[in-house]
Amino acid sequence: MDDIFTQCREGNAVAVRLWLDNTENDLNQGDDHGFSPLHWACREGRSAVVEMLIMRGARINVMNRGDDTPLHLAASHGHRDIVQKLLQYKADINAVNEHGNVPLHYACFWGQDQVAEDLVANGALVSICNKYGEMPVDKAKPPLRELLRERAEKMGQNLNRIPYKDTFWKGTTRTRPRNGTLNKHSGIDFKQLNFLAKLNENHSGELWKGRWQGNDIVVKMLKVRDWSTRKSRDFNEECPRLRIFSHPNVLPVLGACQSPPAPHPTLITHWMPYGSLYNVLHEGTNFVVDQSQAVKFALDMARGMAFLHTLEPLIPRHALNSRSVMIDEDMTARISMADVKFSFQCPGRMYAPAWVAPEALQKKPEDTNRRSADMWSFAVLLWELVTREVPFADLSNMEIGMKVALEGLRPTIPPGISPHVCKLMKICMNEDPAKRPKFDMIVPILEKMQDK
């Protein structure tokens, strides 16, 4: 089968769907020129493929090597329906490429009059200069130039030249497609790993920042007592299910090193510059999580969990909490598969009871409805996002576990929280597990909250 980039270019929707259904495929990877599958589908006008990629979570504002977004390509090739679709999904209408051109520069230059009108109607700036001091309207033929100026003025735009600044995108994050070769290696040679700095050490092992094949990675070395052939076999069998590349809100395990030859069983995953949601909320990173960012994180997590809940069988021993959610370079929250416990890791022990549903603390895993229990954990994450506090921070894990399970200890919702979030939290934290919603039911609610 041809590669995914060819299938997207040619509009082979059936082949693209089959490729997307394989969880080991990463739809946000790039080719040699940094074109993602979405870039190619937008450039060639493949509407059905564009729709499919967006619905599966393709990044809308991803940039190729020349900093063109999919909107730049759709606009320059006059694919009006695709331009509309990208704008509907919040494409950055004034995204600047390496020459300082925005999508409107290209629509004007290539004579895509209708696309240019659509862009201006949606807020594209007619007077923004590129690196060479040219405005989009400078590129347009005279009749279109006058029309666009008139439209922009009606919409309240100031028609004075906006000089090019190298800082146009400084407040935003530039998202590049990921290296597509990373998901090809499941077994990794331990000797190829370059260890740069130890990040953390706890009961379950050591966490290191490293490099592998020119990429920044995180290396997780598991501490396992009495390593045996049987545990080694379980490790080999359980690892492949954690290599989920097909959803943007799930962070896959890239690969693993068996022990021996590695000193310990080892997992490799993508380096996340902001660390975990716990780091971002409680350990003073550089950016502020305002209400709209909090809703976006909640939506990201709900989408990731909705996807994981479609898998049959469910991935066992996955615990949802703020330490097991990672924050990507473009502020996307991703459920970390490297935090899933293996069958041989401390069975029966709970290390983050503050996020665990009461029934999961009281019963054996096989007697608990995992999907409902995950929804409770999500409600605690919502509480954490709006309060910026660690749940039950003044108690030990042992006390939390006992009090939540036996004494009805619950997070208290402080006054002043948005009534919508408050209501959602209460629904997700219903004492009756059977009455809690499913993740695919709360995704649309969070989408509405985001739009507001």
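Cβ atoms here come from the backbone N, Cα and C positions, even for glycine.
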| query | Among ASN279, ASN321, which residue does Swiss-Prot name as a further ATP binder in the site formed by ASN200, ASN202, HIS203, SER204, HIS270, MET272, LYS341? | reply | ASN279
| query | Cα distance, ASP339 (Mg(2+) binding site) to LYS426 (N6-acetyllysine), nearest Å? | reply | 27
| query | What parts of the chain pack near the repeat 'ANK 1' (2-30), using Cβ distances under 8 Å and only residues at least 6 beyond its ends? | reply | 36-38, 40-41, 43-44, 46, 48-49, 52-53, 56-59, 62, 64, 176-180, 182-183, 243-248, 252
| field | Assigned conformation of ASP339 (Mg(2+) binding site) - DSSP reduced to three states | value | helix
| Other than its own, how many Cβ atoms are within 10 Å of the Cβ belonging to ASP339 (Mg(2+) binding site)? | 24
| query | Mean pLDDT for the repeat 'ANK 3' (64-96), as a whole number? | reply | 95
